[in-house]
């Protein structure tokens, strides 16, 4: 039922496409640029008359002209005929009847083409709004009007016109700087690889430097708060309590109170004390987390193809997006042209649907001689058209399901590859020849149902969130505060539920890759395994989050600063090499966003590696005891740190 041409090409007042082959408005002869002219039978249409006349034309008008003026001049009328409907036969018909039957617009206004449509050519000269170098125009009914009356109707069009000019300048910047942008992204890729390699040697240093810096910053904050508290002693008004002062819009007022700085001082002291106590009691956990991260970086080195695997996931996600978008366009354009009866006098058939082909032979024209069957809108009254919104929601649901399935496939593939590294007793000799391809094959052959089920659960929650956002949008104008409060609570709850399900799914997919169990069993085992080691999970999670944040900040920041100095021609060595630009921020922002995506892609692989090997590590500790029958699979360095040994193969 869909016709994507409705999105791209304009139509006239009868719902017919402008300038398309096989349509009544196809233009013969040499190729011309058909556009949609927005004319009208008057600025304010009479009651029960449709919107102003919309006519397909081959060019936009370039002058002021009314039909009454053109009808008295053969030369002007020849020009005016280009903006009339095919039913117009000439000046033989009285001018009032021509305008009444909507065969020609009442007036022409100088216009400019935009997106295959004609909009008034509004411009400002010395602060005066003008159209075609005039400030007034005749509306075709003998009235003189100010061009500012056209301003409101064309305001959005001017925004679009300015946007198009901006887009053209941005496109020009891309054409002269694309190769430098690619060089910047390559630098970001190399920097990401270098950072991951350096983590093996600098992870411990960076974590401890961060901890010391936090303690020092909090210590300085305590000192500063105490100095401000002492300085305000004896000053007038500084001893007023916060409760007596009440709420003040100017927050700077609170900084003149001793009680404010005392509250800051107490809060910072409590934070400092908590951090110091955590360091005392969790120092061994932090050391283990750092050792785990450094040790597991070797897994990425043995499965280097995993760094390129996000490209496969990205390609599959693009296919999902393309399928969803094309389906949405076909659904949204599957409406039919609806024609309604319009008339000026009273008529019992006014507003009813009609068919233009049979309208002239129907009883409507006999009872209502002035009635017309005109295009009203795109729609439909069948069951299919009534439930289009339901089909759109189903399309959104399928998009979420497919996208989550693709992401799950990528996660279980990476988890399978890294798990094969951990459970190899002799690393890397006991690993498969191609661990990533082996894991991908296992995922498709044995675990498709589990991935589909996990993706389905997440997709249902995401669709519910979309429905809640839709309801929130529809209820914005409502004054029911309870409904808004309830909707906000539901949105918050389902946001939290989505985050929890994503966390649960990720760990369930890891257990699927390790054991091959179904989704529910894997999710339960992963959840209880993590709960039994909640402190280790929290410490490792925060340490890795900090390292990833630091890595992204360093990569994006350094590449962004380099791009800024290069494109603003502040590097003297390559000052003449930088291309001339309309907006230097265009390539800079592109490099920054691209660098973040590249760094995120690399670190997402490393994050999956850490999560997988961590679950393997916990499983190894719980089910093995170092005996000959149940040896530990962890590396020798980790066994030394944890004081574990394999009895059959004692450590040197």
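Just so it is clear, glycine is given a Cβ too, placed from its N, Cα and C backbone atoms.
So that you can see what the record holds, here are the features copied from TrEMBL:
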| type | residues | note |
| --- | --- | --- |
| COMPBIAS | 1-12 | compositional bias 'Basic and acidic residues' |
| REGION | 1-34 | region 'Disordered' |
| TRANSMEM | 178-198 | transmembrane segment |
| TRANSMEM | 205-223 | transmembrane segment |
| TRANSMEM | 261-282 | transmembrane segment |
| TRANSMEM | 303-325 | transmembrane segment |
| TRANSMEM | 398-425 | transmembrane segment |
| TRANSMEM | 446-468 | transmembrane segment |
| TRANSMEM | 508-531 | transmembrane segment |
| TRANSMEM | 543-567 | transmembrane segment |
| TRANSMEM | 583-603 | transmembrane segment |
Can we call the transmembrane segment (543-567) and the transmembrane segment (178-198) in contact, meaning three or more C-beta pairs below 8 angstroms at a sequence separation of 6+?
yes
Taking the transmembrane segment (178-198) as the reference, which of 205-223, 508-531, 583-603 gives the largest number of Cβ pairs under 8 angstroms?
583-603
Secondary structure of the compositional bias 'Basic and acidic residues' (1-12) by DSSP, residue by residue, totals 4 helix, 1 strand, 7 coil
When you scan the chain for residues with a C-beta under 8 Å from the transmembrane segment (583-603), skipping those not six or more beyond its ends, what do you find?
169-170, 173-174, 177, 180-181, 184-185, 188-189, 191-193, 196, 307, 310, 548, 551-552, 555-556, 559-560, 563-564, 567-568
Take the C-beta pairs under 8 A between the transmembrane segment (398-425) and each of 261-282, 303-325, 446-468, 508-531. Which stretch has the highest count?
303-325
Could you tell me what the rest of the chain brings near the transmembrane segment (261-282), counting residues at least six beyond its ends with Cβ under 8 Å?
211, 214-215, 218-219, 221-222, 225-226, 228-229, 232, 242, 255, 535, 539
